[in-house]
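Beneath this line is the structure, given in C-alpha cells, with notes to follow.
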Amino acid sequence: MPLLSKCFPCFKFKREEVIDKLDYSNTPLTDFPEVWQHERTLEELYLSTTRLQALPPQLFYCQGLRVLHVNSNNLESIPQAIGSLRQLQHLDLNRNLIVNVPEEIKSCKHLTHLDLSCNSLQRLPDAITSLISLQELLLNETYLEFLPANFGRLVNLRILELRLNNLMTLPKSMVRLINLQRLDIGGNEFTELPEVVGELKSLRELWIDFNQIRRVSANIGKLRDLQHFEANGNLLDTLPSELSNWRNVEVLSICSNSLEAFPFSVGMLKSLVTFKCESNGLTELPDSISYLEQLEELVLSHNKLIRLPSTIGMLRSLRFLFADDNQLRQLPDELCSCQQLSVLSVANNQLSALPQNIGNLSKMKVLNVVNNYINALPVSMLNLVNLTSMWLSDNQSQPLVPLQYLDASTKTQLTCFMLPQVTFKMNSIQAQQQAQEQYEFVYANQQQPHASPSRRICFAEEATILSNAKAQPAPNYPSFVAAPPTPTPDQMAGSVRLMRSPTPYPKELRQMSKYVRQAQAATSSANASEVREARVVTNGQIHCDSNNANQDVVDQATTSAIYGIAPETTHIYGVYQQPQQMAHPVPTQEYYGLPLVNYEAHYQQLYVEANTPLPTTHLNGDQDYELQPLQQQPMQQQALPTPRLEPPPYHIARVYTKKTPEDLNLYESMRQRKQQQQLQEQTIYQDALNSNSNFKTTAIGAQDVEESVDQLDYQNNISNNLEPNPEEEDQELDDTMSQHSLNSTATNNTSKASHKKSTWIFGVHKNPTVKQVTLKWENSIGFDIAELLNQVGIFVSSITPNTNAARLLNLNDKLLEIDGYDLTNANLSDAKRVLLNCGTVMNIMLSRK
C-alpha cells in the first residue's frame, strides 16, 4: 500500500487527527464549540466558567466521553440525553442553577464521581441511588431536607459531602455504606449525632461542625479507624469516654462548644497530632494529657484555665502552644522540658513572671506575652538564640527589643522599656464605653465650627474677661460645669486650632455625613442668646416639671459619663439676656427655668412663674451660689435648632446601603400591601361616619368631625412609610389625639377661667389619651364591658383574642361614646343595650392611660 501511494498520489489517504481532550475552561463562549466533530475520539471535555446557558443536544453524540466538567456556569437543567453518555465516569455540575436531575441519569452506570454542589435541588431524586458504581457524591449547599430512604444502595460510596443543607436526620439504610471513608454533614440542623454514624466502621474523616448537636452517642467509639474529627460550633458540654478507642485519630477539633472538662480517656489518643479546643469553658486539663506523645499543636485559647498541669512537660513533640485569653497566673516549670516548642502564645492572662528555665527552649522562635503583669524577664532568655519575635506590648513596633540587666550586680533578671507591663486592664464593657466616650468627644469638637452661636454656659468671671473689664479672682466653681471661654478675635488670629479627626467613615457614609453637617449649619439659630451667668443648685432645692424630669436625668447621666461628673445630678440655672436686634419688648416678670443640661437636646425652654425667690445656698463654706432670675424671650423670636445628628453605626448603615434586589422587592411588596390595607380601613371608616352622622348631637358631631379629620390626616401621612409599624402608628395617633385634647382644654380654660372646675370624667385615667376607633366585627363584638369598683363609667373588662377588638382595644379602656351615644353617665345595662343595637361597624370614643 505505501508503494502504491507513492506511484499514484491519488491513492494517498489523509490521516485523521486524534483528539481525546478539549479544555475551554475560563473562556467566555458566545457559541458552543463544535466538539461533536471529534465524537469518536473525545474522552475529556472541560467547560468550567464559560457562561453557558444550556447544553446542546449535539454534545451527547460523543458517546465515548468519560469526563465532563460544566461547573460554574448558568445551566438551569440537565438534558434528558445525559443518559446516552454511558461511558461517563466523572460529572461535575457544581455552581449552576439546576433545580432537578432527570431520571435518565441512572443510565450512566459507570459514573464514579458526581458533583452537584451549590445548586437549588431541594430534593434528591431516587435515580441517584441507582448509580451503584458511585464512589464520590458531593451535595454541598443544595437545600436538601432529607435523603431518599434507599440511599444505602450506594454501597461503593467512599466520600459523601452534605455540608450546608437543612438535614436533621440520616436514613438508617446508610448502615450499608461499609466503604464510606469521609462523611461531611457540617452546617446542617442536627441536634444529636445520628446513631447510624457510629455504624460506619470504615470512616476516617467525620465533619459535624456548625450544627446544634448537644450530645454524642457512646457508639461513636466503634469508629476505630477514625483519623480526623471536626465538631466546632456545636453545643457539646461533655464528650463520651469511648473516644479512647480512636487509636488512629490525628486531628481532634472541638472549638466553640460548652465543654468544661475533658474525660481522662483523652490521654489514650496515642496518635493525636493536633488538638484544638479553643472558645470553650475549660477550667483545667486532665493530667492524662501527658500520654499524648505525638502531640505537636495544642490550642487552648479563650477558655477559663487557671493553670496548666505539670505533666504538660511530658509532651516532647509539642511545637505550638496557644493559651491566650485565659486566667493563667503562672506557667509550670515543667513546660521548659518541651524541647521542640517553637511558638508559645500566652497573651491576655494574669502572668506575673515566666519560668526561670525558659532558656532551655532552644528552638523557641515566637514568644507572645502581651497584656500580662510581667515585671521582668529571667536571665535565661539570653539563651534563646533562635528567637525571632518577642511580643511584650500591643504597641510594639519591632518584633525584638534589646534587653538590659535589671540589676547589674545580680544579673538575674532582664528588662526593657516596655517592662513592667501595665497592670490596669479594662474589661470589654469598660473598653467599649471608653471608646464611645472618646468618639463622642472628638465628634463634638469636630462639629463645633459648623454650629451656630447657640446657648452656652458662661460664668461670671468669663463674662468679665469677655467684656474686657477689670480682672477679678476666679472663684472655685466646679470644673465640670464650666464651659471653655469664648476666644477673642485677637486670640483667634494668634492661635491655630488643632483637632484630631476620628476614623474615616465607610464610603457609603461620607456623603451622608457631609449633608448632615450642612443641614446643621443651615438650620442653626443665628439669633440665639448666650448664658452670661450660672449657678449650681442641688436637686433638693429645685422643683422639676414631672413631664421633663426623666429626660433631664438621662441627659445629665450621659454628661456625667463623658466628663467624669460625680453621681449626684446638678441643675444649672442661667440668666438669658435679650439680644439687641430683638424688635419685641421683653416681659418684665421674673421666671425660673427648668433644668438645662444638654442645650442641644432641650432646645425648647419652659418656665414657671416664681412667686418667691429661692433661698441662698452656701457651698464650700465661703462662696455663695444664688439662683438668678431668668428672662423669657418671645417664642416667635426663638429659633428651634435641629438636634445634632450623628452618623449611624457602620453595621446599621450597611443594612440600608447594601440591600439586595430580593430585599428591595420584598420591602416594596410589603409597602403596597400596607397601603391597600390602610385605604380599605379609611374607606370603611368614612362610610361608618356618614352612616352614623344622623344619630349624633350637634356638639358631638362637630367634635367627631374634627377628630376624624385629624385621624384621616394621620393615616394619609403614614401611608408614605416604607415599612409601617402598627405599634408606632398607634402611638403616633395617641400622641396626636392627646395633643388635640390638650389644646382644646387649654383653649377652654383660657376663655372660661372664672368657671368652676368641672368633674373629671375619665375615671382611673389620670392622664388619658382620648381616641376614636372604628371597630368592624363579624361573629362577635370581641370584648365585654363592666363597671369598676369605686369608679364611674363603663370600662372594657375582657377582650377575645384574634379579633379586631384585640388589636384596637386594651383592658380598662373607658368607653366615652358608642355611635354617638354618650356613655359617661350611662349605667351598665344601658351600655350593653347600645352594644346589642349597634351594627357590624361601630365608632367608639374611648380614653386610655
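Cβ from N, Cα, C; glycine included.
Features reported for this protein in Swiss-Prot:
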type	residues	note
COMPBIAS	725-735	compositional bias 'Acidic residues'
DOMAIN	770-849	domain 'PDZ'
REGION	716-752	region 'Disordered'
REPEAT	18-39	repeat 'LRR 1'
REPEAT	64-85	repeat 'LRR 3'
REPEAT	87-108	repeat 'LRR 4'
REPEAT	110-131	repeat 'LRR 5'
REPEAT	133-155	repeat 'LRR 6'
REPEAT	202-224	repeat 'LRR 9'
REPEAT	248-269	repeat 'LRR 11'
REPEAT	271-292	repeat 'LRR 12'
REPEAT	294-315	repeat 'LRR 13'
REPEAT	340-362	repeat 'LRR 15'
REPEAT	363-384	repeat 'LRR 16'
REPEAT	386-407	repeat 'LRR 17'
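In the repeat 'LRR 6' (133-155), the DSSP tally of helix, strand and coil residues is 3 helix, 3 strand, 17 coil. Within the model, the repeat 'LRR 9' (202-224) shows a mean pLDDT value of 95, rounded to a whole number. Outside the repeat 'LRR 17' (386-407), and at least 6 residues removed from its termini, the chain residues within Cβ reach (under 8 Å) are 342, 347, 362-371, 374, 376-377, 379, 413-419, 421.
If you look at the repeat 'LRR 11' (248-269), the same-chain residues 6 or more away from its ends with a CB under 8 A from one of its CBs are 209, 224-242, 275-292, 299.
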